[in-house]
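The following features are taken from Swiss-Prot:
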ACT_SITE  His160  active site, proton donor/acceptor
ACT_SITE  Lys164  active site, proton donor
BINDING   Gly8, Ala9, Leu10, Gly11, Arg12, Met13, Asp34, Gly102, Thr103, Thr104, Ser128, Gln129, Asn130, Tyr131  NAD(+) binding site
BINDING   His161, Gly170, Thr171  (S)-2,3,4,5-tetrahydrodipicolinate binding site
Amino acid sequence: MVKVAVTGALGRMGSGIIKTITETDGLDVVAAIDIPNHPKKGLDIGELTGVGKIGVALSTSDELEVVLKESGAEVLVDFTAPAPCVNTAKTAAKLGVNLVIGTTGFTSEQRAEMENAISENKVAATISQNYAVGVNIFFKTLELLAQKLGDYDIELIEMHHKFKKDAPSGTALRAAEIIQNNLNRDSNLIFGRKGITGERTKEEICIHALRGGDVVGDHTAMFAADGERLELTHKASSRQSFISGVILAVKFVAEKKEGIYNTFDVLDLN
């Protein structure tokens, strides 16, 4: 039985992950952590997430180290925000707890700080902007499209619910990174357009971020040339698509001793 801790336990992803873990053979929720001074601290996380009492009280991040030690957590799943996630990762790594990181929006410095802590403490971690299986097939397909249609004009469009805090999405940025890594030409990433921009240059790869309603996550990569246009789209209709991938990542990283992995590793797409 893999003992799992979840931070951001009452967030959109965290609560769904906890529900799914309770329904998954071989996994056990042993700790649930949220923000300091949370008004529901001490209440049973199973009851808070609608699965019934499981005997695990909601804890807060200011007591993270104690909670991880006492619970015996082997894997910690984090879907929070960049700054708290870095602190959580450093604490967990120091205690020998493996990590599944789904938080997005890191600066390069935050990402480096987190990865250094993981490497220095010789734990294992998966870090991904999107754990959905379909999205990772989307990513893999982009490698081929960038290689074969590299001379086309390339645009990326993403849409999310009105509550999303970062833009563009981590998934869109990862898609752009994959495209750039597989082009046989120079490219320049830009974000939206405004004013008299002039003729589009061949080097441009533009990301457009849309926000509204309750959209879980839509991503489209467009490759356009004179006379034709190819569009590759992934649409998530519920967070369960992400959660299913997280469960795979938890099982994957639980068997690793050290190293930093991504969802291509989890899904054997490399």
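Just so you know, the numbers here start at 1 and follow the chain as drawn.
The backbone N, Cα and C atoms fix where each Cβ goes, glycine too.
Listed in sequence order, Arg239 are the same-chain residues six or more apart from Arg12 (NAD(+) binding site) with CB atoms under 8 A from its CB. Sequence-distant neighbours of His160 (active site, proton donor/acceptor) (same chain, 6+ apart, CB under 8 A from its CB) are Ser169, Ala209, Leu210, Arg211, Val215, Val216, Gly217, Asp218.
In terms of Cα spacing, the recorded positions His161, Lys164, Thr171 all stay beyond 10 Å of Thr103 (NAD(+) binding site). The secondary structure of Asp34 (NAD(+) binding site), as reduced to three states from DSSP, is extended strand. Cα separation, Gly170 ((S)-2,3,4,5-tetrahydrodipicolinate binding site) to Asn130 (NAD(+) binding site), rounded: 8 Å. For Gly8 (NAD(+) binding site), the spatially nearest entry among the recorded positions His161, Lys164, Thr171 is Lys164, judged by CA separation. Under the three-state DSSP scheme, the residue listed as 'active site, proton donor/acceptor' falls in the strand class.
When the recorded positions His161, Lys164 are compared by the number of other C-beta atoms lying within 10 angstroms of their own C-beta, His161 comes out lowest. For Thr171 ((S)-2,3,4,5-tetrahydrodipicolinate binding site), the same-chain residues that are 6 or more apart in sequence and have a Cβ closer than 8 Å to its Cβ are Thr104, Gln129, Asn130, Val135, Glu158, Gly217, His219.
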